[in-house]
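A.B. asks: Supplied in structure tokens, the structure appears directly below.
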């Protein structure tokens with residue numbers, strides 16, 4: 001299958017993909033588009049063709065002029081599929097209707113480099129799972145020991161928590177370094193300050209299309225009817241803040257300061273050719289989680305970092321969605337087994353996707369083993385100001401790629417709105433007055449911390465955390 005639109009051989013957006021997203025141009029407001037090669041097809045411009053060829057899609061002009069995909073996603077799988085079939089047909093190299101209509105083509109296509117991309121949906125609720133067994137074992141071993149790496153419930157259900165939808169941002173949005181309480185010494189009170197253990201998490205996420213009513217479960221064999229598509233996701237984590245706060249209710253400030261997703265939503269229909277069997281599940285799942293068909297996706301994933309003092313990217317990890325223990329269908333079936341309702345635009349993250357080797361670990365927490373080691377080739381244990389993190393994901397077809405392009409962000413430190421009273425750092429001052437090496441060895445691995453705290457010790461004044 002080929003399109004009359006030129007698609008570079010390394011493009012993630014051939015006619016076999018056609019992901020949906022929200023874009024805007026200089027003089028026009030955000031609206032629905034589809035990526036093809038290096039172009040965006042503006043669906044509002046060809047709405048009249050939908051009226052002709054997809055009559056089951058009512059009022060396409062209104063649906064595609066919305067600043068989010070929520071309206072379209074709410075229409076259900078038959079409409080999604082009919083829309084995608086029509087788009088593949090109208091973009092085909094042997095279909096003259098759009099190909100030979102120069103006036104319509106000039107209006108309908110926008111170069112991606114001239115467009116602004118936005119969050120694809122208005123996200124009402126956000127759930128993040130913990131579905132990678134390798135990741136769970138790595139983290140459990142790190143903090144509880146090898147013999148108690150997995151909690152008893154982990155192999156029986158997809159563990160998840162309710163996240164913060166308001167701080168989900170689209171790729172390219174800078175992330176501010178968070179502040180919070182950090183425990184330096186278990187025998188002393190915590191201090192307040194910026195996190196020095198900022199981390200990425202290599203994840204994917206799926207958007208709910210048509211939801212379910214309160215009290216009505218989604219059976220596992222119907223789960224894919226409710227999943228619109230997937231995006232890349234980076235659930236930024238402040239490990240030092242998280243470590244102090246998570247007992248007993250789980251993550252809070254260590255997670256809710258920012259989550260980044262890629263702008264293009266790749267539909268399950270585009271991913272169907274890449275379905276494979278997932279990991280063997282032992283013990284066997286309970287009946288509502290049993291799935292007898294291939295439900296994992298062979299999606300190659302990669303994370304790169306460009307340090308703030310470098311012009312080149314360093315590969316941090318390579319993993320694959322197929323390693324994930326609990327499938328997307330199992331996650332959604334479990335999410336609704338108690339009657340919880342979902343709505344169009346709700347987002348569900350997979351959790352960190354780690355593989356079976358050291359080179360496939362999905363976070364710096366695992367790669368550096370909680371800061372014990374530095375990343376090979378760069379002096380990094382965690383993310384520093386100005387570092388750029390890029391996530392990439394794609395499926396390898398026969399002569400084509402189906403992918404998600406890139407998801408990228410930078411970190412920076414923003415001046416705190418309030419000063420931190422020096423008395424809150426009395427434990428730190430007590431240690432540093434006698435042993436500056438204690439700071440260097442155990443706490444502050446980044447240079448800006450040394451500047452802040454050293455200057456404050458000399459002046460005996462309140463601290464202002466600034467870049």
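Glycine too: its Cβ is placed from the backbone N, Cα and C atoms.
Curation does not apply to TrEMBL; its annotations are automatic.
Features from TrEMBL:
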| type | residues | note |
| --- | --- | --- |
| ACT_SITE | 135 | active site, proton acceptor |
| BINDING | 128, 201, 203, 235 | Ca(2+) binding site |
| BINDING | 130, 144, 242, 246, 352 | substrate binding site |
| BINDING | 235, 255, 259 | Mg(2+) binding site |
| DOMAIN | 16-120 | domain 'Fumarylacetoacetase N-terminal' |
| DOMAIN | 127-392 | domain 'Fumarylacetoacetase-like C-terminal' |
A.B. asks: Nearest to residue 201 (Ca(2+) binding site) by Cα distance: which of the recorded positions 135, 242, 255, 259, 352 is it?
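C.D. replies: Its closest listed neighbour, by Cα, is 352.
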A.B. asks: Of 128, 135, 235, which is closest to residue 242 (substrate binding site) if I measure between C-alpha atoms? They're all recorded positions.
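C.D. replies: Sorting the recorded positions by distance from residue 242 (substrate binding site), the top entry is 235.
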A.B. asks: Using DSSP and three states only, what is residue 235 (Ca(2+) binding site)?
C.D. replies: strand
A.B. asks: What residues, ordered by sequence, lie under 8 A Cβ-to-Cβ from residue 130 (substrate binding site) and sit at least six positions away in the same chain?
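C.D. replies: Those within reach of residue 130 (substrate binding site), by Cβ under 8 Å and sequence separation of 6 or more, are 136, 154, 158, 159, 160, 161, 351, 352.
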A.B. asks: Around residue 235 (Ca(2+) binding site), which of the listed recorded positions (135, 144, 246, 255, 259) come within 10 Å, judging by Cα atoms?
C.D. replies: 255, 259
A.B. asks: Among all protein chains shown, how many Cβ atoms are found within 10 Å of the Cβ of residue 352 (substrate binding site), not counting that one?
C.D. replies: 30
A.B. asks: If you run the three-state DSSP split on residue 259 (Mg(2+) binding site), which class comes out?
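C.D. replies: SS state of residue 259 (Mg(2+) binding site) = strand.
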A.B. asks: Would you identify the secondary structure of residue 242 (substrate binding site) according to DSSP, in three states?
C.D. replies: helix
A.B. asks: Taking every protein chain shown into account, which of the binding-site residues 128, 203 has the largest tally of Cβ atoms within 10 Å of its Cβ?
C.D. replies: 203
A.B. asks: May I have the DSSP-based helix, strand and coil counts for the residues of the domain 'Fumarylacetoacetase N-terminal' (16-120)?
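C.D. replies: Split by secondary structure, the domain 'Fumarylacetoacetase N-terminal' (16-120) comes out as 44 helix, 26 strand, 35 coil.
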A.B. asks: Do me a favour and check the Cα-Cα span between residue 144 (substrate binding site) and residue 135 (active site, proton acceptor); whole Å is fine.
C.D. replies: 14
A.B. asks: Widest Cα span across the substrate binders 130, 144, 242, 246, 352, in Å?
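C.D. replies: Result: 19 Å between the two most distant Cα atoms.
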